[in-house]
């Protein structure tokens, strides 16, 4: 059996050794809940990685959003390169659920755009849980939504061993049952091609390898893994297991049973609607449901088949849906990152989904059984959650009530202490902020400013820009990828000040930021609560000169508690440093790191690392260019590379080349 192998050049330091020891002790003692109260920059992920390596248990890591999940995936991947670190998030790039608005008699059809790469990673995650003990799955709240049951899923898998008696046509039929499609021209994921007695199959969960099965008469003569691009054989295999293309694939006999159950419910519902004089609703329901049944009978699936999941999984009415938790082994571990955000998210999902579906059922768009296609309720989630570690700098009330043990990780391995917090009058906040920004820009440090409203952020950005400050702002209209680009540009020094509202909190890792300014800090509410203030102040904790300024006319209870907690942590950190002769060291982190985590992870990560390295080399080379002829020659070379990268569909690398060319053209004009 594979074991977790932690690969790192660091040893636990600061509060980490004690935190790791206590967490391991708690897990082995059977504690159902523990809380790791770890400040920003204290290495919480590293501590959790050490715990996983010591207890040797498969782990589910729950993050509050895709960006943080991707960062954690990247970190765990680097800590456990020889183990199965997987990524399970929603595979929708865009999702519009079906809905009905009675007031305007408007029905909105379900519309979605599925990210093929993330779908592959989800399949890879469940495969890892079913086949391996050394699995770490990084997920979001997506894990509480319905998934095909593992029992049904496993019934559909296809095992092929070398030496098996296997008819070619039978193999092709089984692949079709798994929803694989034959395509001899375009060999892509979840397809197969047949060339005589050689069958090439591209597994649905694979991103790197395809499988070649060679038959001699009706016997499997050879199984090999090969590169689907070059055709090069990577290795010979004694056996291989093919998993279905979708988690919702169902055996034929189960489908037939489900159809009978749906027909019975349809008749009961039609009778109810007609008896209540809802003839339009009855006609609509009958037409839609019979069309779906015909599709299921002929093709094995239909659009919106998840609405019949109760029958497909054989569950009684009202039972919890099968989810990713059903794939977890009994000895699994659950780690909830930024638990003060993640736990309330889990509780919020059920009610919103229920409200929308009840309207669809009432007006004849869906059968009542569609209500069972839902996320888990909070009490159901609590019932299936394994031993849990909450991880947060500001644990919430739920963690306080449930944690059997609270473990503090306040002292950072780098010796860095929490930023000094200062309260200044709100009356002159903008002018005072401008003078503070000028000081920081002079020493090439960055500044974060958080405001209360979008309008305020825009006005402040305009004001600072008018005074010569290189500034940008973040708001809810900016998508995740662009948000990451903005943070990257701030770190690179493309601009010096970033203004935001509620986006400058969890998960922003920016060692270059030395000042956090919180405007109108005395306006009590969600954005100025104790937890929000502590999280925002923590953004300056990775810099040696970190400082936070709260602009307020009075000190609120939230401010007092946030400042008090920051001072308590700061005193403990300074005392530890003095007792152990530690001199604080600033954090220097590669700017490419944030992009590694925040873009969709996968097999192309090596290419991205190479891309970042190439960009660095380009930058060094560009600095050495002097004459206009040298610059012009370099522009031509880069343009050729850019067009080649675009032809190879390497658009991220091509975009970097484009930016380099733009900089060189500016230099050419200045020469």
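From the backbone N, Cα and C atoms, a Cβ is placed for every residue, glycine too.
Copied over from Swiss-Prot:
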{"type": "DOMAIN", "residues": "25-412", "note": "domain 'Helicase ATP-binding'"}
{"type": "BINDING", "residues": "38, 39, 40, 41, 42, 43, 44, 45", "note": "ATP binding site"}
{"type": "MOTIF", "residues": "91-114", "note": "motif 'Beta-hairpin'"}
{"type": "DOMAIN", "residues": "429-582", "note": "domain 'Helicase C-terminal'"}
{"type": "DOMAIN", "residues": "632-667", "note": "domain 'UVR'"}
Inside 8 A of the center formed by the CB atoms of 38, 39, 40, 41, 42, 43, 44, 45, which other residues of the chain have their CB, for the recorded ATP site?
-> 47, 393, 409, 412
So, by DSSP, how many helix, strand and coil residues make up the domain 'UVR' (632-667)?
-> 33 helix, 0 strand, 3 coil
For residue 45 (ATP binding site), what is the tally of other C-beta atoms lying within 10 angstroms of its C-beta?
-> 18
Within 10 Å of each Cβ, count the other Cβ atoms, then let me know which of the binding-site residues 40, 42 comes out lowest.
-> 40
Predicted model, mean pLDDT over the domain 'UVR' (632-667) = 82
Near residue 39 (ATP binding site), which residues of its own chain have a C-beta under 8 A away, given they sit six or more steps off in sequence?
-> 393, 409, 410, 412, 418, 538, 541, 569
Neighbour tally for residue 43 (ATP binding site), based on other Cβ positions within 10 Å of its Cβ = 22
If you rank the binding-site residues 38, 41 by how many other Cβ atoms lie within 10 Å of their Cβ, the lowest count goes to 41
Including all protein chains shown, what's the count of other C-beta atoms within 10 A of the C-beta of residue 44 (ATP binding site)?
-> 23
